[in-house]
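According to TrEMBL, the features are:
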- 1-27: region 'Disordered' (REGION)
- 43-64: transmembrane segment (TRANSMEM)
- 101-319: domain 'ABC transmembrane type-1' (DOMAIN)
- 105-126: transmembrane segment (TRANSMEM)
- 138-160: transmembrane segment (TRANSMEM)
- 240-260: transmembrane segment (TRANSMEM)
- 303-323: transmembrane segment (TRANSMEM)
Amino acid sequence: MSIDTHAAGAPRHSAGPPPLDPGERRKQARQVRLGRLDLKASPYLYVAPFFVLFAVFGFFPLLYTGWVSLRDWGLIKGDQGFVGLQNFQEVLTDDKFWNAMYNTAGIFVVSTVPQLLLALMLANWLNRKLRFRTALRMGILLPNITSVAAVGIVFGFIFADRYGLANWILQSLSLDPISWRGSRFASWTAIAFMVDWRWTGYNALIYLAAMQAIPRDLYESASLDGASPTRQFWQLTVPLIQPTILFTVIISTIGGMQLFTEPLMFNYGAAGSGSGLENFQTIAMYIYYTTFEGNFKYGLGSAMSWLLFLLIIGFALINFLMVRRSLKGSK
């Protein structure tokens, strides 16, 4: 027989934590809201420094340059007021501007085509089982981290007209020396050597990363079918890394349109004479000379910069469309 120890009518309390007072409930609710806000806002806070720096050093200068391009502005005479598209019209009818565009396109072709072909071959070689391959992969990137000014000075001595190493080799072979700055194609070739020296290894590592993503069983199947290493490279490797090749082509094109330091050092390097500038002056050099080197025509320089920016945007869109079409075709 059990005895009920609770008095009649006494309330029964279930086991559990005591109820929270209103202050504690508000504190917990506030912590939950802060936690949800942290989950939503923290990713934006992590990437905010990039956007702040881009806005200060990228977006604002772009807008300000566009505003200056619509005004007649020089260092001496100051801001002469709004002129609309007059600066753009003057640039598009300037023969020196189109000569600089022609030089820029020519140097790009002479430098980029052999550069990317050599980078492909170099990446294919590094993709094999080699001794010290890590050291080799690091070594081919050394030219890219070398000072561009130092490279320009060294190549200035190599391609000096009178006492350069290149002309010394030509004369040793009983060939006539070349006026590297007096000939358009010769100056393009000299600058292309500087560009290729710097960027071939960089592009080779990009191709190498794409090649290492290709499954090895595809090469094993091709070997069983009797395909030689050369045939595997051109019919298997190259088609599979086509999006990467298109990416490097467009990136090299964008970089080639902004080519500045190499031709500038080639002109004013230790062995440069400053003559023959019309043979290798790029669009970036012409913008620099128009804006800062004696002319100080800020409106014209800003208009040229905006035209170059629009050209780069056009090539970026071409890159996007070509890569998307390539990816759709490979599926």
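Glycine is no exception: its Cβ is also placed from the backbone N, Cα and C atoms.
It is 240-260 that, among the stretches 105-126, 138-160, 240-260, forms the most Cβ pairs under 8 Å with the transmembrane segment (303-323). With a cut-off of 8 Å between Cβ atoms, the residues of this chain six or more beyond the transmembrane segment (240-260) that come close are 104, 107-108, 111-112, 115-116, 119-120, 191, 195, 199, 203, 206-207, 210-211, 214, 218, 282-285, 288, 308, 311-312, 315-316, 318-319, 322-323, 326-327, 330.
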